[in-house]
């Protein structure tokens, strides 16, 4: 990834300062919002015990699932680099549109990579490769009662660099959504039902019985002919 140079957005500086502060700090997210102001309490970013996702090299990243998202509701993803807590990327969405991007100055992890799907549930995800630059903590954010809260926390690590916990195995690939898994299950069920239906249809035509009768008739004659030839 290229190093980005230029002026530093004031909002980004304020956000980074908030991360290092011990007192509660809030970021105003309401300037482009049609609803009431939603505030991000930065101290909450470290208040949830992390979960772990172990993965090999491949397509992976934080995937956030949301149900019953209204048009004016704010959701988002915050990324914290595994090797440096000060490297943070934050994207916020409202009504399928990016409303705020506190992008890291040197490494924009989520830029041109964060995507959104709304069928059947709202999903924020990216298809970036898992590299040393994209491993870290991903927090799924949602505005609740005027405060941006973490509803899910995900750690992504390279399986080749970190030992897996005993018996943990690899987690389900995060790019597999609920609707995609449902489609695969539905296709399997259709094939199974079709096979059963075809079997009973052939059974109704007495084709299996006729086939068995022909085999029973032919086999004794063939066996008798072989004995005669001997």
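Using the three backbone atoms N, Cα and C, a Cβ is placed for every residue, glycine included.
Here Swiss-Prot flags 1-21 as signal peptide, drawing on sequence analysis.
What Swiss-Prot lists as N-linked glycosylation site is 35 (among others), and the listing cites sequence analysis.
What Swiss-Prot lists as N-linked glycosylation site is 41 (among others).
Taken from Swiss-Prot, the feature N-linked glycosylation site applies to 68 (among others). There are 7 other CB atoms within 10 A of the CB of residue 68 (N-linked glycosylation site), with all protein chains counted. In the three-state DSSP scheme, residue 68 (N-linked glycosylation site) is classed as coil.
Shown in sequence order, the list is empty: the chain has no residue 6+ apart in sequence with a C-beta less than 8 angstroms from the C-beta of residue 84 (N-linked glycosylation site). What Swiss-Prot lists as N-linked glycosylation site is 84 (among others).
Annotation source Swiss-Prot lists N-linked glycosylation site at 95 (among others), citing sequence analysis. In sequence order, 71, 72 are the residues near residue 95 (N-linked glycosylation site), counting only same-chain partners six or more apart with C-beta under 8 A.
Sequence annotations record features per position, and here Swiss-Prot assigns N-linked glycosylation site to 101 (among others).
Marked as N-linked glycosylation site by Swiss-Prot on the basis of sequence analysis: 132 (among others).
Swiss-Prot lists 145 (among others) with the feature N-linked glycosylation site, giving sequence analysis as the kind of evidence. For the recorded site, residue 145 (N-linked glycosylation site), the DSSP three-state label reads coil. Counting every protein chain shown, the number of other Cβ atoms lying within 10 Å of the Cβ of residue 145 (N-linked glycosylation site) is 7.
For 185-205, the entry in Swiss-Prot reads transmembrane segment.
Annotation source Swiss-Prot lists topological domain 'Cytoplasmic' at 206-230. Residues belonging to the topological domain 'Cytoplasmic' (206-230) score a mean pLDDT of 62 in the model.
The separation of residue 68 (N-linked glycosylation site) from residue 145 (N-linked glycosylation site), Cα to Cα, is 15 Å. With respect to their backbone Cα atoms, residue 68 (N-linked glycosylation site) and residue 132 (N-linked glycosylation site) stand 35 Å from each other.
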